[in-house]
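Engineer: My questions all concern the structure below.
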Amino acid sequence: GKSARESLEEQGLWEEFKLKYPFNPIKFQDPRLYVAGEQMTNDADLAYFGVISIGTPPQSFTVIFDTGSSNLWVPSVYCNSAACENHRRFSPGHSSTFRNAGRSLSIQYGTGSMTGFMGYDTVGVGGISVQNQMFGLSQTEAPFMAHMKADGILGLAYPRLAASQATPVFDNMMNQHLVDQDIFSVYLSKNSAAGSVVTFGGIDPNHYQGSIAWIPLSSELYWQITVDSVTVNGQIVACSGGCQAIVDTGTSNIVGPQGDIDRIAGAVGSYSANGDSPYYGCRTGLQRSNSNLWILGDVFIRQYYSIFNRAQNMVGLALAR
């Protein structure tokens with residue numbers, strides 16, 4: 001779908017917006033600093049989302065399938081923020097299977113926060129019906145969410161990242177024996193084409209070619225792996241001696257330490273790592289951060305079919321078709 005950035009550019013508001021809400025990949029700070037909130041990022045280039053249902057009878061929502069977070073949440077009828085006014089809102093009173101969990105929820109964004117409360121209900125994802133899924137119902141949302149096409153987020157990272165002790169959706173799929181294998185895989189289409197898909201319980205051979213490289217996780221919080229190096233034309237330009245990276249469908253770019261990103265940008269002939277080229281309209285897809293943890297976002301995942309293996313705690317990567 002169209003990203004928030006594209007919508008803002010069409011309205012001539014992007015330059016003003018990016019100054020007011022600068023990108024801040026805050027969710028990837030040291031997890032020992034977490035108190036109760038699950039950290040999320042403001043990324044205006046997000047463009048991949050799908051439809052789920054919640055409740056009986058089902059109420060439909062678009063969500064970002066985010067391997068960089070672990071909670072499911074959607075707007076609720078109790079939310080009056082601008083971001084809720086132009087999105088679909090869940091009504092507990094219209095679901096016969098809804099139960100209030102009696103817990104509050106607060107998710108910190110780089111530019112504000114989402115607050116609400118937790119509930120249980122039936123969640124439908126890709127033809128799979130998950131019973132008693134704990135999810136968040138927003139009561140307030142950060143202003144930038146008003147420009148997102150998706151209503152909410154469906155997190156696919158590990159349980160210990162989840163706020164309010166919620167069991168993630170895929171964990172419930174595994175626990176309720178709803179998937180053939182404890183695996184899900186992601187194919188992201190290029191150039192705004194249709195066909196992007198999250199496959200729960202298996203791997204779709206139509207979306208990759210060649211062999212799958214299996215990489216063991218170095219930490220079971222995000223989908224975190226060890227990267228050996230970054231090379232351009234055979235020369236190591238970044239991550240010399242190895243670095244840590246997470247494979248994250250919920251971030252659009254490749255994000256890394258400032259010096260490394262600048263070296264990659266220079267090696268591929270870009271004079272502006274973070275900005276857009278005013279002459280060619282190009283975007284590098286590279287983004288600086290002040291963290292040593294790299295984020296391999298949608299720019300990377302478009303090139304590599306990504307398999308997330310909970311049974312063996314590995315990530316599989318294969319050249320996307």
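In case you wondered, yes, glycine gets a Cβ from its N, Cα and C as well.
As annotated in TrEMBL:
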- ASP66: active site (ACT_SITE)
- ASP248: active site (ACT_SITE)
- CYS79-CYS84: disulfide bond (DISULFID)
- CYS239-CYS243: disulfide bond (DISULFID)
- 48-321: domain 'Peptidase A1' (DOMAIN)
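Any idea what these are sitting next to in the structure?
Structural biologist: Within its own chain, ASP66 (active site) has ILE153, LEU154, GLY155, LEU156, ALA157, ASP248, THR249, GLY250 as residues 6 or more apart in sequence whose C-beta sits under 8 angstroms from its own.
Its Cβ taken as reference, ASP248 (active site) is surrounded by 31 other Cβ atoms within 10 Å in the chains shown.
Just so you know, the Cβ of CYS79 (disulfide bond) picks up 22 other Cβ atoms within 10 Å once every protein chain is counted.
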Engineer: I'd like the Cβ neighbour count for CYS239 (disulfide bond), meaning other Cβ atoms within 10 Å of its Cβ, all protein chains included.
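Structural biologist: A count of 22.
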Engineer: What is the one among the disulfide-bonded residues CYS84, CYS243 whose Cβ has the most other Cβ atoms less than or equal to 10 Å away?
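Structural biologist: The most densely surrounded of these disulfide-bonded residues is CYS84.
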Engineer: Across the domain 'Peptidase A1' (48-321), what does the pLDDT come to on average, as a whole number?
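Structural biologist: Residues in the domain 'Peptidase A1' (48-321) carry a mean pLDDT of 91 in this prediction.
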Engineer: How big is the Cα-to-Cα gap, in Å, between CYS79 (disulfide bond) and CYS243 (disulfide bond)?
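Structural biologist: Counting only the Cα atoms, the answer is 41 Å.
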Engineer: What's the CA-CA gap between CYS243 (disulfide bond) and CYS84 (disulfide bond) in angstrom, rounded?
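Structural biologist: Checking the Cα atoms of CYS243 (disulfide bond) and CYS84 (disulfide bond) gives a distance of 39 Å.
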